[in-house]
Amino acid sequence: MAKILVLYYSMYGHIETMAHAVADGANRVDGVEVVVKRVPETMQAEAFAKAGGKTQNAPVATPQELAEYDAIIFGTPTRFGNMSGQMRTFLDQTGGLWASGALYGKIASVFSSTGTGGGQEQTITSTWTTLAHHGMIIVPIGYGAQELFDISQVRGGTPYGATTIAGGDGSRQPSEEELAIARYQGEHVAKLAVKVHG
């Protein structure tokens, strides 16, 4: 049984929605156990609420537990072409895992969101840098999801990983096409996890 963690940070709920779609896709594959968790919030509660942050019910992960999984699919919003500070803070606490090689050979993949589309690919590839230092097997999605070929509407989605475009004010929710790409990413990673670790 391959254990898969979908680990995310989401302030306004877009990445949370994508995380559940990724998990749904992974659950399509036999021989996997899928867990969805989030990284801790680093903002003060009052500031988070004032900024319009959305309360989320997913349990909070600890850096140490990452070693328990065969594959980890990371979800983070874009902050100026980089992962969110909350995800960065979480990953910066994995030095002990790096020193022991605990994540070496585990599968990793990344999905993201942006306000207007700028930086979504950079966020994914810059996150890969941290994962590469851990020796993780980085899995992009290529053009395996047919939705990536549809140019009839504004949407996220890249060969690097699933993305969504939230709009400058955050009012746009993930589209069905974006969620389909996220489900594809989860299924793709799960199939590989079963082959490698199952």
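Even glycines carry a Cβ here, placed using N, Cα and C.
Values in this document were obtained by computation on a predicted structure and should not be read as measured data.
Per Swiss-Prot, the features are:
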DOMAIN    4-189  domain 'Flavodoxin-like'
BINDING   10-15, 78-80, 113-118, His133  FMN binding site
BINDING   Tyr12  NAD(+) binding site
BINDING   Trp98  substrate binding site
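Taking all protein chains in view, 13 other C-beta atoms sit within 10 angstroms of the C-beta of Gly118 (FMN binding site). Of all the binding-site residues given, namely Ser10, Thr78, Thr114, Thr116, the one with the smallest number of surrounding CB atoms inside 10 A is Thr116. Under DSSP, Tyr12 (FMN binding site) is assigned to coil, being neither helix nor strand in the three-state scheme. Calculated from their C-alpha atoms, the gap between Gly118 (FMN binding site) and Trp98 (substrate binding site) amounts to 31 Å. Of the binding-site residues Tyr12, Phe80, Trp98, Tyr12 has the largest number of other Cβ atoms within 10 Å of its own Cβ. Secondary structure from DSSP puts Thr114 (FMN binding site) in a beta strand. Comparing Ser10 (FMN binding site) with the residue listed as 'substrate binding site', their Cα atoms are 25 Å apart once rounded. Here the CA atom of Trp98 (substrate binding site) lies 29 Å from the CA atom of Thr114 (FMN binding site). On the backbone, the CA of Thr78 (FMN binding site) and the CA of the residue listed as 'substrate binding site' stand 24 Å apart. Annotation for His14 (FMN binding site): spatial neighbours Pro77, Ser113, Thr164, Ala166, Gly170, Gln173, Pro174, criterion Cβ-Cβ under 8 Å with sequence separation of six or more.
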